[in-house]
Protein chains: 2
Amino acid sequence: MQFPFALAIIEDQATIRETLHEYLCAQPEFRCVLVAGSIEAFLELLPTAAVPPQLILSDIGLPGLTGTQGLPFILTRLPQAQVLMLSVYADAGRVFEALRAGAVGYLLKNTPLAQLKEHLLHAAAGGSPMSPGVAHYVVQAFAQMPATAPLNSGIALADLLPAEPLTNREREIVRGIEGGLSYKLIADRYCISIETVRNHIRAVYRKLQVNSKAELMAHALKRQRR
Amino acid sequence: MQFPFALAIIEDQATIRETLHEYLCAQPEFRCVLVAGSIEAFLELLPTAAVPPQLILSDIGLPGLTGTQGLPFILTRLPQAQVLMLSVYADAGRVFEALRAGAVGYLLKNTPLAQLKEHLLHAAAGGSPMSPGVAHYVVQAFAQMPATAPLNSGIALADLLPAEPLTNREREIVRGIEGGLSYKLIADRYCISIETVRNHIRAVYRKLQVNSKAELMAHALKRQRR
DNA sequence: TGAAAAACAACATGTTTATGCCATACCCCC
DNA sequence: GGGGGTATGGCATAAACATGTTGTTTTTCA
């Protein structure tokens, strides 16, 4: 993620929307790429955005699809987006629904603009900003939760090993893999036998220390994210 | 609650303990009523405190009882206290344990003193301060909680929108795939059978109109390129 | 209360991958 | 002229994946 963060705002009340827009876009950290009055409008305008938004600030009480109802649609289109919900309500039900639907944070509308900015930056940094009372609900709910299995993810492997360089042919074939092609299609594309593809892949796996197509692509994904 | 807040500090490392003590007690908002190097010492000294502490800042990595293990004892004696855990570790397991044991917040030891003070005030006000990454774990766990709301019950809007939204579970599993995991590993991570993983993947393929892991990942790669 | 959606699970069948081990051919270069 | 690296091709086997069908259970909602 790099400066300025591509930001989208979804809010139906024109005055609030304008206030948010004006304030946030005046900040050097943000770039407003999309401002909409409803989830439907947002999804419709999405293809026209110059840059896909990384940060989305969405009201919950929207006409049509509510912010929470719209979240799955947004996340399907922008899986990497951090969505912050904005609401006048601080009730546990709404908070839980929103977080379960995939929001990373939940802010109240009485949040001062300066703090809102801080929260947005916080979210961009991988945090989960919540207004005071809201965080409390979440922690409370936690205390009552049954013991769960740890669901970890942050795997940071030492891929800084001496990288054995791929040959040109190998890189071509890796591009094919990353394009989602099967061995057969790669073989066709380069007019070679599928056995040859296999052998190149084999060499690539050894050099990159992976042992499946999925790992190879996960590699590419990780590289891309910085 | 009124000023100044009665504060207790539990930390075994003398230098850190003194730093916290000196800084926080120099603040007009706090009054240090108890400083201890272990849970045991804290409980022993508790009767001697002039005022029962309302706010407790406790290390997790303590000799003897750990901070988390000691929490139930503390809360039995001081049911109204707000306990903030302090730790060098940001792993999900420790965070969950501490919150389930009744901590109201979880801070990392690299938190600047000024922020620490803010967090303490925040906790006193009924909030649940958490360091950035930590809050994220909690929200993640929420999104992955058992029994998810449908949230998108057969909305007729579906044919207007290009993308049929993925459910939370489906997105989780897609994250697994994009992380390079095999079905087996995904099944293990979420404690479900490999057949169930297959079924979710099947639904994802239908919704995203792909028909192989490679295409799915190629999709992710394309989205990521901007 | 009953239909719908979501998560979970099993079994079957065919395809694609991963990886072993092997061989030929070209090129460069010491 | 032989040794290393690269590209090509083949065969065999085991594992992983894709896909069809069919269930149960729980939660949600009209």
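Counting begins at 1 with the first residue displayed.
Just so it is clear, glycine is given a Cβ too, placed from its N, Cα and C backbone atoms.
According to TrEMBL, the protein carries these features:
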DOMAIN    B:6-124  domain 'Response regulatory'
DOMAIN    B:159-224  domain 'HTH luxR-type'
MOD_RES   B:D59  4-aspartylphosphate
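For B:D59 (4-aspartylphosphate), applying a Cβ distance below 8 Å and a minimum sequence separation of six or more within one chain yields B:I10, B:E11, B:D12, B:Q13, B:I16, B:G67, B:M85, B:L86, B:S87. Note on the domain 'HTH luxR-type' (B:159-224): DSSP counts are 47 helix, 0 strand, 19 coil. Following the DSSP three-state reduction, the secondary structure of B:D59 (4-aspartylphosphate) is strand.
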